[in-house]
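Encoded as structure tokens, the structure appears first; notes follow it.
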Ligand SMILES: *Cc1c(COP(=O)(O)O)cnc(C)c1O
């Protein structure tokens, strides 16, 4: 069992629980994504909802990526972090008027629109500003991502996006909306997808859908295939970088772009998950009748994924070299779902040891809450003194 190399002496004096971000690993991961995307001239927008930590956002902006936002707050944070507005896409089923206006005022790259009433409101608000809003239609490709049902989004009768059955009506409407310009089509099939088949199926569907728009006389500037590339949560030390090579290659091999058409992606998890760990201190080791519990000072309020999706995070005791033993690692919150792992092999654990919950850089810090009136987790960066 290989352990991560943490700067333990430095981490010992930081108030727990906190997120540790390895910025070097983040940069390596971004470099890998960039190299593989540039091979085909693809554009990647970072899905800000995965992690909107200031330094993470700034690092990703500096690396040259665009931003994929799902709220006005994310649009503001992205622009503040240095993402050019011309590389910001804005999705979401329920965009409020102020959020649409914010996008219009900043001349963002594109709104990913999800319903007919939304298109009408964008048109109306753009008209009031004498602008033409750039819009892509989010379409349900009806591709099953074979992932957890809470994070499957590309099936019909989903609150997200348009269904192809309604598309004739939508394109007729678009012809009457003078302040909306249709520039692309957008898809997103789900998250934590590690099998490339769903992405290949998506390509096949997109090719068919492209034929429809061509027949209707629309020339689309771009296709946006969303995100969803997964990471290896089981082996963070052996596989710290996502398989961007295989991912982009699927689209290169199976998606038929039209002349001069650009392909865009919205990756969240695969860009940031591996660089973050939640560091927590062992408060008590409780001996049950058949097992031992390591009760730690972090809970589901700091990292909700195990409680919400039964998600797996690799767990390490980073301050012990004692022989391995099984522990249930649990938090202090008054909910029995507040468990990070059962029967996990940790080096012999005692009060005061530091535990790392690995691969917590995506959907970790950003989902922290103050339930039970707990403090929000702190942050420590690898380049800090
Ligand atoms: C969440 C989301 C993404 C990013 O998903 P990941 O699985 O983190 O890559 C991309 N696009 C849209 C529309 C999303 O909602």
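Just so you know, glycine gets a Cβ as well, placed from its N, Cα and C.
Curation does not apply to TrEMBL; its annotations are automatic.
Taken from TrEMBL, the feature domain 'Orn/DAP/Arg decarboxylase 2 C-terminal' covers 19-361.
The domain 'Orn/DAP/Arg decarboxylase 2 N-terminal' annotation in TrEMBL covers 28-273.
Sequence-distant neighbours of residue 49 (N6-(pyridoxal phosphate)lysine) (same chain, six or more apart, CB under 8 Å from its CB) are 69, 70, 74, 268, 363, 366, listed in sequence order. Annotation comment: TrEMBL describes 49 as N6-(pyridoxal phosphate)lysine.
Taken from TrEMBL, the feature pyridoxal 5'-phosphate binding site applies to 228, 266, 267, 268, 269, 363. Other Cβ atoms within 10 Å of the Cβ of residue 363 (pyridoxal 5'-phosphate binding site), summed over all protein chains shown, number 24.
Secondary structure at residue 335 (substrate binding site), taken from DSSP and collapsed to helix, strand or coil, is coil. The feature substrate binding site is assigned by TrEMBL to 269, 305, 309, 335, 363.
Sequence annotations record features per position, and here TrEMBL assigns active site, proton donor to 334. Packing around residue 334 (active site, proton donor) is summarised by its Cβ count: 9 other Cβ atoms lie within 10 angstroms of its Cβ, all protein chains included.
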Is any of 228, 266, 267, 268, 269, 334 (recorded positions) within Cβ reach of ligand 1, i.e. under 6 A, and which?
228, 266, 267, 268, 269
Within 10 Å of the Cβ of residue 305 (substrate binding site), how many other Cβ atoms are there?
21
Whole-number Å value of the largest CA-CA distance among 269, 305, 309, 335, 363, listed as substrate-binding:
27
Listed in sequence order, residues not in 228, 266, 267, 268, 269, 363 with Cβ within 8 Å of the centre of the pyridoxal 5'-phosphate site Cβ atoms:
47, 50, 191, 227, 229, 270, 271, 362
Take the C-alpha atoms of residue 266 (pyridoxal 5'-phosphate binding site) and residue 305 (substrate binding site) and report the distance between them in angstrom, rounded.
21
Which one of the binding-site residues (228, 268) has its C-beta surrounded by the most other C-beta atoms within 10 angstroms?
228
In the predicted model, what is the mean pLDDT computed over the domain 'Orn/DAP/Arg decarboxylase 2 N-terminal' (28-273)?
95
